[in-house]
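If you look up TrEMBL, you'll see 486-597 marked as domain 'TMC'. Sequence annotations record features per position, and here TrEMBL assigns transmembrane segment to 166-191, 266-284, 363-384, 405-431, 495-513, 555-578, 599-620, 667-688.
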Amino acid sequence: MSESSANALPAGRRGRQPFVHQDSLSLDSSYFSSPPMNFLQELPSYRSIARKRTTILSRDKQSDTLLKPTDSYSSQLEGGITENLNSQSIRKYALNISEKRRLRDIQETQMKYLSEWDQWKRYSSNSWKRFVEKAREMTSHLELWREDIRSIEGKFGTGIQSYFSFLRFLVLLNLVIFLIIFMLVLLPMLLTKYKITNSSFVLIPSKDIDIQCTVYPISSSGLIYFYSYFIDLLSGTGFLEETCLFYGHYTIDGVKFQTFTYDLPLAYLLSTIAYLALSLLWIVKRSVEGFKINLIRSEEHFQSYCNKIFAGWDFCITNRSMADLKHGSLRYELRADLEEERIRQKIAERTSEETIRIYSLRLFLNCIVLAVLAACFYAIYRATIFSQEHMKKEIDKMVFGENLLILYLPSIVITLANFVTPMIFAKIIHYEDYSPGFEIRLTILRCVFMRLATICVLVFTLGSKITSCDNYSCELCGYNQKLYPCWETQVGQEMYKLMIFDLIIILAVTLFVDFPRKLLVTYCSSSKLIQCWGQQEFAIPDNVLGIVYGQTICWIGAFFSPLLPAIATLKFIIIFYVKEVSLIYTCRPSPRQFRASNSNFFFLLVLLIGLCLAIIPLTISMARIPSSKACGPFTNFNTTWEVIPKTVSTFPSSLQSLVHGLTSEAFAVPFFMIICLIMFYFIALAGAHKRVVVQLREQLSLVRKSSRSRGSWPGTVTQDTERKVAPVSGSGWNAAAPSHHCPPKLCLRAQSPPASFIH
């Protein structure tokens, strides 16, 4: 601002402090090369600011001075500023429209100073970026459930929206897994079976295998009752056992085309490795993004209070009841922060006797938790053994209900354990005297371990029964061929039953519990018992654990039942619509929201735990347990993994030497040491960055204290400026505030927080 223009200002504005420091009025390359403010973009209030943002600077005449080219700028025009302007999109800078247009004009001015080659490169780069942006904009309209999830976000906030986004991610993940298995395993067989291509099946006769090991009775003899087909549909036995749904259907060694022979056993194993690796990479990639957000949001307690008060409002909420709920949620979070602060102070003031007492009580209660887990695991073990021993009886010796109960006994016991143990854990943890946040995390951790460990107990129980023999030796076939002639198919049937039973339970609870409860609360609200029961809450952690449990079943069962990912895809689609209807018509979001629900980091972390637990039984079954000799593509191999060494043996000698060298100890040990050194380097680098962040926060704290002593905040506007932007109506950037049901003062602070509040 020039001196003449400053003198022309009214008296009321003569003492106004500019928003930008005078030293920054000249255009410097660091101004444009600074990265966007990622932290502010993660705040809920930024969702509204990003569309309506106008800086106070743009309302002043100093905006002309800020972006007006000067002589010093002209001398730097061909320097680093041009590169910095082109390295990042102008849209990412925290500037208003007029300032961004001025930057664009500066870029266009520079084009005539460049050579033709540089101009062509810049033009090609900009054209490609515009093409990518247009393609992303067009494909965003094809996004699955885009409008449904936006509607949920607008009515219930970002917490519940993140659950449905996570559910959509699992649908896409299972669809990709199914496509991998279909392309590598099922498609070559279908092309040959239906004579679409000129190909034929390859069957290699088994060598050195006893004839008893190849016996595989599938069909039941005698009269078949009408309800047997219903049982087969629910349990995967009977007519479904012979279909491509299960492992036993793929009893061929390859497909011979005109120019090559397709190795089906190798493709079957590689498809399993491929979908596990893809799941791991996809989850880790999304988890890293959430981890960055959580790392940025890790802050001091004072900053946490300020961010919740001044920038904690979610402007995606448009419903008044949801706005009231958001107010209650903010109050709860502040109370939780104060409660955690009180508990930290209480812990610091504990005497030695109190510390010994509380730790002794926690040790005793954790022993009770372990006892409950052990009892559940033992019940699952006994139920699995009982079911496996009695399911081989002739069906005509049992009635319909008894037969169905025997088949589904392990699934029923697992479901009951998953239903009862969370309530026990919730009662126990109240006596352990933890902070509220740690209570939630520990309870969820115990429930995750319970849900996922039950699947592992079931699989390992089946494995022990498969490899153990009672009255005769297993040396003939290597496994219990009498009870499990095709043990992979029977493991796949157990995973299939768990998948179907889990879907049945979800539908039954929604139809016969949630909807009747909603009707009772609506039309019988005068009863005190109904009032105490209340309306169903949409508990985000419990629902997430449920779908992670189903996804873990899919990962384990996809090897034994190749079409299980397709069933899981249909199941999650059904769950999406069922949960959406239940949320809108029967549920209310919990007022005590889990704090990590606003991002998918917690969900993906739990999903990553489920993937790791799924890899363990799969690895053991492929590497340790002998493959079935009566069914499947690995009848000519001792184990499933044996197909890899056999394939490597067909490589040229030089390539074999390379593969053996890469898998030897001489390569593994140095490679492991190098990986450790790289990991230590990044750990040290992260520690250095953390120390720098701490130093910067200390400096900002000193600036805040010095500003308090002067009676003003650094980088903030004066009271005249606040009076200028305070009115809710008539302000361009705050015109939509009344529809968000946000208090005017909170809306103002949420969109214009003091610079010292947020770091």
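Just so it is clear, glycine is given a Cβ too, placed from its N, Cα and C backbone atoms.
What TrEMBL says about a protein is an automatic prediction, not a curated fact.
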Quick tally over 166-191, 363-384, 405-431, 555-578 of CB pairs under 8 Å to the transmembrane segment (599-620) gives the top stretch as 555-578
Relative to the transmembrane segment (495-513), the stretch among 363-384, 405-431, 667-688 with the most Cβ pairs under 8 Å is 405-431
Per the Cβ under 8 Å criterion, with at least 6 residues separating them from its ends, the transmembrane segment (363-384) contacts 409-410, 412-414, 417, 421, 424-425, 428, 431-432, 446, 449-450, 453-454, 457-458, 461-462, 465
DSSP tally for the domain 'TMC' (486-597), helix/strand/coil in that order, comes to 89 helix, 6 strand, 17 coil
Model confidence over the domain 'TMC' (486-597), as mean pLDDT, sits at 84
Near the transmembrane segment (667-688) in space but 6 or more residues beyond its ends, with Cβ under 8 Å, are 661
